[in-house]
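What follows is a single structure, written as structure tokens, with notes after it.
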Amino acid sequence: MGLLERLRKEWFIIGIILVIVAAKLEPTIGEKGGPLKPEITITYIAVSAIFFNSGLSLKTEELTNALMHVKLHLFVQLFTLVFFPTAIWIFLQVLSLTPINEWLLKGLQTVSCMPPPVSSAVILTKAVGGNEAAAIFNSAFGSFLGIVVTPLLLLLFLGSSSSVPFTSIFSQLFMTVVVPLIIGQIVRRYIKDWLERKKPPFGAISSCVLLMIIYTTFCDTFSNPNIDLDTFSLVVIVFIIFFIQLAFMLLTFLFSTSKNSGFTPADTVAIVFCSTHKSLTLGIPMLKIVFAGYEHLSLISVPLLIYHPAQILLGSVLVPTIKSWMLSRRKALKLTRQPKIPL
């Protein structure tokens, strides 16, 4: 494989490196309130574009079938909103014996209580070629569920409570997720033949939107003065976050590929991403509401600010590996299902 062909194949990973470097060099461009206005362009336009894109590319029957996949939905929601926070709470009982800042540890607990994001898990599932319809449903449903469940989890594990503006968050999610998806499905009905004939690069479009999300996320991270921690604490927290992500991705992978799970390789891809990703878009505003008045709010927020770009970075790097596994697994399953020719 020539160098140019290799670069073309790995354009997305190269793009990730470039946008992170660009964010580090001049974070003010993509930070909140900056020239790119990510609080509008990302929160509303980019997320809406992702789900409009999904509505255009997905067959209606695929979405309908995904709604009926109750076992998959239960697995994802129970893992991300029950098992995840409980496992982290147990893990933190051990970490509390170390010299790591206690507020950073509380921040790790808040990460575990967050709902799944409405965009990154869908884009990564699409990039691999997994069950995108299931990823869309679980990301959207998990986000709606998290609006109610996350404050209760924070109260349970950290003893924090506050009134959460459910109506405004629900309406924002509805307008940026449900409405664009429905519009995409309606438009698809009228241009279905053209879409099947031309086959637009929906995956590449979603990946470009994800690069924009990565860029603005890192701009916000690099421009945040509250992340000025001592090197030891920062390195340890980053290491722990990557360890948690890899461990839980492996765990969901093993569960969903076990002999009696009943999940397809495409289902496994959606499960791995949807079960382990956490929302920064909903998370940070929710932390500001729930922990209003806390002098350590900035420290509590740090793990989530690190977790979000880390999950996108790790997921993006693993896309080729997971895609290769999924294709080989599909091929193996197809061969085992073929009827044997009698001798």
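Placement of Cβ uses the backbone N, Cα and C atoms for every residue, glycine included.
What Swiss-Prot records for 1-9, 59-71, 185-201, 256-270, 320-343 is topological domain 'Cytoplasmic'. According to Swiss-Prot, the transmembrane segment annotation covers 10-30, 38-58, 72-92, 117-137, 139-159, 164-184, 202-222, 235-255, 271-291, 299-319, on the basis of sequence analysis. Feature annotation from Swiss-Prot assigns topological domain 'Extracellular' to 31-37, 93-116, 160-163, 223-234, 292-298; the stated evidence is similarity to another entry.
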**Prompt:** Taking the topological domain 'Extracellular' (31-37) alone, what is its mean pLDDT?
**Reply:** 87
**Message:** Let me check one thing: do the transmembrane segment (10-30) and the transmembrane segment (235-255) come into contact, meaning three or more Cβ pairs under 8 Å with sequence separation of at least 6?
**Reply:** no
**Request:** Would you kindly list the residues that approach the topological domain 'Cytoplasmic' (256-270) from elsewhere in its chain, counting only those six or more residues past its ends and only Cβ-Cβ distances under 8 Å?
**Result:** 69, 71-72, 75-76, 121, 125, 128-132, 134-135, 138, 322, 325-326, 329-330, 333
**Message:** Using a threshold of three or more Cβ pairs below 8 Å, and leaving out pairs closer than 6 in sequence, do the transmembrane segment (235-255) and the transmembrane segment (117-137) count as in contact?
**Reply:** no
**Message:** Taking contact to mean 3 or more CB pairs closer than 8 A (sequence separation of 6 or more), are the transmembrane segment (72-92) and the transmembrane segment (38-58) in contact?
**Reply:** no
**Positions on the same chain near the topological domain 'Cytoplasmic' (59-71), where near means CB under 8 A and six or more residues out** = 131-134, 136-137, 185, 188, 262-263, 267
**Request:** Could you put numbers on the helix, strand and coil content of the topological domain 'Cytoplasmic' (59-71), residue by residue per DSSP?
**Result:** 10 helix, 0 strand, 3 coil
**Item:** the topological domain 'Cytoplasmic' (185-201), counted residue by residue under DSSP: helix, strand, coil
**Value:** 14 helix, 0 strand, 3 coil
